[in-house]
Amino acid sequence: MKYHHEKIEAKWQQYWAENQTFAASNNSDKPKYYVLDMFPYPSGAGLHVGHPLGYIASDIVARYKRHQGFNVLHPQGYDSFGLPAEQYAIQTGQHPADTTRMNIEGGVDKSGNTIQGYRNQLDRIGFSFDWSREVRTSNPDYYKHTQWIFIQLFESWYNKTTDKAESICTLIQEFEKNGNTNVNAVCDDNIAPFSAEDWKSFSSEQQQKVLLQYRLTYLAETEVNWCAALGTVLANDEIVNGVSERGGHPVVRKKMTQWSMRISAYAERLLQGLNEIDWSESIKESQRNWIGKSVGAMVSFNVNNHDAKIDVFTTRPDTIFGVTFMTLAPEHELVAQITTPEQKAAVEAYVEATAKRSERERMADVKTISGVFTGAYAEHPFTKEPIPVWIGDYVLAGYGTGAVMAVPCGDERDYAFANFFKGTHGMPEIKNIFNQDISEAAYGEKGGFELVNSDFLNGLDYKLGTKKIIEELEKIGAGNAKVNYRLRDAVFSRQRYWGEPFPVYYVNGLPQMIDKKHLPIVLPEVEKYLPTEDGQPPLGNATVWAWDSENNAVVSNDLIDNTKVFPLELNTMPGWAGSSWYWMRYMDAHNTEEFANEEALKYWENVDLYIGGSEHATGHLLYSRFWNKFLKDRGYAPTEEPFKKLINQGMILGMSAFVYRLKLEFRPNSKTGWSSIVYNCFISNEFRKKIENNYLVLKEINEDLFNEIEMKFNQEFEKDEYSSSSERRVSFDPIHVDLSCINDITNELDIEKFKANSLYSDYKDAVFIKEEDGKYIVGREVEKMSKSKYNVVNPDDICNEYGADTLRLYEMFLGPLEQAKPWNTAGITGVSGFLKKLWRLYFDDNGSVIVNDEPTAEMYKSLHKTIKKVTEDIENFSFNTSVSQFMICVNELQQLKCNHRAILEPLALLVSPYAPHIAEELWFALGHEGSIATVAFPKFEEKYLVESEKEYPVSFNGKMRFTIKLPLDLTKEQIQEIVLADDRTIAQLAGNTPKNIIIVPGKIINLVG
RNA sequence: GCGGGUAUGGUGAAAUUGGUAGACACGCCAGACUUAGGAUCUGGUGCCGCAAGGUGUGAAGGUUCGAGUCCUUUUACCCGCACCA
């Protein structure tokens, strides 16, 4: 009986679906285990073999845990709001909801292309997902709760005293009692103080404005990253190297009124929480970097002749007597106010020039020092000496207060700035407050010095100096200790269509939340998905997008009267809104009242194992932790951290294939540049390598072509003046070839298929120079797997040809889960052959060959070695070595001609997490009813591995010379006696007596001479 | 610049945590069965060498009876952050 993966896999996939084999129960006596994958964005391109890698790993763990007796929650869903669907909608006019649904469920799109659909592709791989809990973030019954969470954030403030988020009601109570003077909140800067009486005298509108400064999500005019090409603002984590993460479009700073999330309130808890969770050091480090905690002090400097003061944050308050000048960011709000008339022109010119430069330009050129003296002087808080105030673009408006106290003797940048402007108006001599030489460079160390020229700090070091200066600053009211974070509040508005609408309408420009009982506020229909002509977001195109506050319904814009009917918010939420809480929705996915019921949340707690890509290090993973902590504070989330253990699967890279088009390059004399003619001729890879170095080789390979080329060259040279310095060479244009046109294993190009492919219609008449064996061989290179590189391998194709179990095993076999590795279909025959061998242990040509005889000790040993290894491997997420162990075991059992039930039954169970279909079929063939999924995993028993003998390696001076088999119960003395008497030992020693003999029983024997 | 990570055959990679380096595969070589092979099976395969033997885990030192593994220095590549005060 042969192994037919297609029948077996279809059969069991159907069985699992019909029997709801993997549906998790919210009521179970078993311990819970929650394994989660980062849910995918369902793109139209479909899955390639890189996508399922993490899903296979998590599925192995999920299936293993079921065998171990856990109640396993292993859900899957879709992060289905997002930019690509909207861009596609703009291009094709199709509703994003329609294309999104098709990308998930499959079908035929408007242009007649068949879309497989994520769900169909995933189903073929045999995942044990509980699909009954599927979520889609773009479904109103899901985003209803996203809107609800937004409202909760709006109705909360962060109390630093209790160190948690609280209902805004507690803040209002405090205002009513004591005003805001005692309030210790994370809030906007520079809130005007008010008393209880003041508060009560405020109008409702004034009160709302005040509260907005405290809410955890707030509407404020802030500097945002505006991406004109995408027509939207972007969060900091959506910008990479100064351009948009999606599309690489330029981004500029712009002031806009936007919703923001006060994530900065959670900076310290987000940082501390990292110590509690089992994540990779690199991701934790990324988050630590992103949060960017620095400990130091705030210091205030009064500005001479102005009623103004400059607040600076510094990590080195101990160097305060070394302040030589101050620098403000050009955008700093005080710049215009303090600049003297004489300096006005220069300052304005500089500010304007800086504003024109994009973020990217500023980042690209960090070496150029530039700045202007404002003419103003600040006053040193202790010496009262005047300190010149400069502006310079090395100071960033977005960090700290956008101002620095420049201490050139202790800071490289201040040092460079001071030296650059040395001797110019407003730049004094550098003050040195260290007992160190600073003639060549600043002394930036925090140790190894004593403070000098520093009044009461003299003689102190960094630590004592810092402590002392903070005390003194506090005494005179000029500063205090301060912890600063790089983490900024996150912009939460997007000028896009395909996202969650805000449950918000505006009365007199002030935002009002719609009551939760009227949720969801469903995304309105629009004619087109582009911004409106007057620059409003796409929702500005909606005609039915106003809130009737009396009837609590979305109504036509015509009815807006601003007394009962008000305009609704036109922005939508960013992509991370829906993904920042979805793991909790899976716990109770069908709840229509709450995002999840309390009992379900309490039962499942949080995610035990989370697997996904490291690209979400500072986006999704940070926002999710933030929302989780917030929901915990407000009594909704069960735990402080959402994901206990995190594993980042590595990227699977593609093996791009190339054909090489010949290009003739020449220049009549060395003064001109190279000219080239593309030649419609493709050279096979091996010849290409030879020819690239010296094209004369071509003469041996194909003389006709060579002559033709020489003629072409000569023709070209005849056109110009033929000089003695003329040069000629050939090069090659590598052209990506679609993998469907090649044999992935032999790398042979199917020339007919290539010519027939519409992608390559330009090359229909091309000449192909093949290898000596008559084959055209393509070149291969490792690149990121992507549609545009034509190197995508579709898991469906692998499933068709080799089966899902083979695909699963092979993806695991490729290497350690967390490592990036290239996909090479050629290697798959190894695991494919393994499954066939495994099958043949159970069946011969006529059917089952299972016997109930007692297996031999060797068979037991092979099995238990495997039980031990596989159990350890799964616990350590080392799946590649498990597959190797399976191969070793099956090879051994084949040698032993093992067909014993007592071995083969546990073996099927061992394989089951990895290759579930074949395991089910083998289990069935062994005569069992039902699924193997929850049958107890085999237990390792030491007794089967106990050995009586050991093949000892015998080394001389650490070099292994021979092995000797000895009983394990020998004493060191007995071993020494036997080894020294051995002929081979005598030969090695050649008459010498060893100085030392190291014997580690059960391990090694080493003779030292 | 700071931080994290990686480095082992022609290739993907193992190595019980200091104890026989290269398991398991791919590829390659030889053979068997075959009209055929991108099928199946057998044997071989780090490098140099006919062999004995030598040599070998990015490089250089060190600790140790013994180092891929521990320590010091260093190089290359990948990732994150970056005029962060």
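Yeah, the Cβs are placed from backbone N, Cα and C, and that goes for glycine too.
These come from TrEMBL:
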- A:Lys787: ATP binding site (BINDING)
- A:11-155: domain 'Aminoacyl-tRNA synthetase class Ia' (DOMAIN)
- A:288-474: domain 'Leucyl-tRNA synthetase editing' (DOMAIN)
- A:780-810: domain 'Aminoacyl-tRNA synthetase class Ia' (DOMAIN)
- A:859-973: domain 'Methionyl/Valyl/Leucyl/Isoleucyl-tRNA synthetase anticodon-binding' (DOMAIN)
- A:784-788: motif ''KMSKS' region' (MOTIF)
Are there any residues at least 6 positions away along the chain from A:Lys787 (ATP binding site) with a Cβ closer than 8 Å to its Cβ? List them or say none.
A:Ala45
Reading the DSSP string in three states, the entry for A:Lys787 (ATP binding site) is helix
For the domain 'Aminoacyl-tRNA synthetase class Ia' (A:780-810), jot down how many residues DSSP puts in helix, in strand and in coil.
17 helix, 5 strand, 9 coil
By DSSP, what is the split of the domain 'Methionyl/Valyl/Leucyl/Isoleucyl-tRNA synthetase anticodon-binding' (A:859-973) into helix, strand and coil residues?
60 helix, 18 strand, 37 coil
Based on DSSP, tally up the residues of the domain 'Aminoacyl-tRNA synthetase class Ia' (A:11-155) by helix, strand and coil.
69 helix, 15 strand, 61 coil
